[in-house]
């Protein structure tokens, strides 16, 4: 009997850990972010419910096309809890991406979220890569109405492979999913990662690392 009790306790402990691996479930109907609160928590402290209005749950402008006249040929409109205070504790956010022909969202990852993406217009190549040592690429060309998912934390990318502009919208499993662009992070860190380390990691000459760092 004692062994059975210990086993049940172990199973419950493991289950509790798994359930709480993501963002915790809210304990009240709403917890609008109070950006002026001196209290520091994992997320934001709750605004006094008496001060909450409908505008705290509203974001306008996701229908407006973004300016894709940039080196990447894409524009990301990413309203998170910082733009929609009512998202606080809800564990969800959204993002619209506009793409010029051949425009890309370069390889990146979200450290706190998985993602589900839908193509609204155009033809978009998407893909993600699994963790080491497999490093397996899963990729697909999507058309209008197609849906694709990116697993939690994995590196993924998008590119408009059509002849016209493209638009996607996605939903992420965090109020603040974060984004880590791989190239920006590796070659544009502040302070800079030592060239010798990067040269050995990428198995190239240090002069190439210097060239790669120059845009950042």
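Using the three backbone atoms N, Cα and C, a Cβ is placed for every residue, glycine included.
TrEMBL has this to say about the protein:
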- 108, 110, 115, 156: Mn(2+) binding site (BINDING)
- 110, 115: oxalate binding site (BINDING)
- 31-46: disulfide bond (DISULFID)
- 60-210: domain 'Cupin type-1' (DOMAIN)
- 1-21: signal peptide (SIGNAL)
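This view paints the features noted in TrEMBL onto the structure.
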| residue | record | Cβ within 10 Å |
| --- | --- | --- |
| 31 | disulfide bond | 21 |
| 46 | disulfide bond | 20 |
| 108 | Mn(2+) binding site | 19 |
| 110 | Mn(2+) binding site | 23 |
| 115 | Mn(2+) binding site | 22 |
| 156 | Mn(2+) binding site | 22 |
Cα of residue 156 (Mn(2+) binding site) to Cα of residue 46 (disulfide bond): how many Å, rounded?
33
If the Mn(2+) site is taken as the center of the Cβ atoms of 108, 110, 115, 156, which further residues of that chain fall within 8 Å of it by their Cβ?
109, 113, 128, 150, 154, 155, 172, 177, 179
Give the distance between the Cα atoms of residue 31 (disulfide bond) and residue 115 (Mn(2+) binding site), rounded to the nearest whole Å.
23
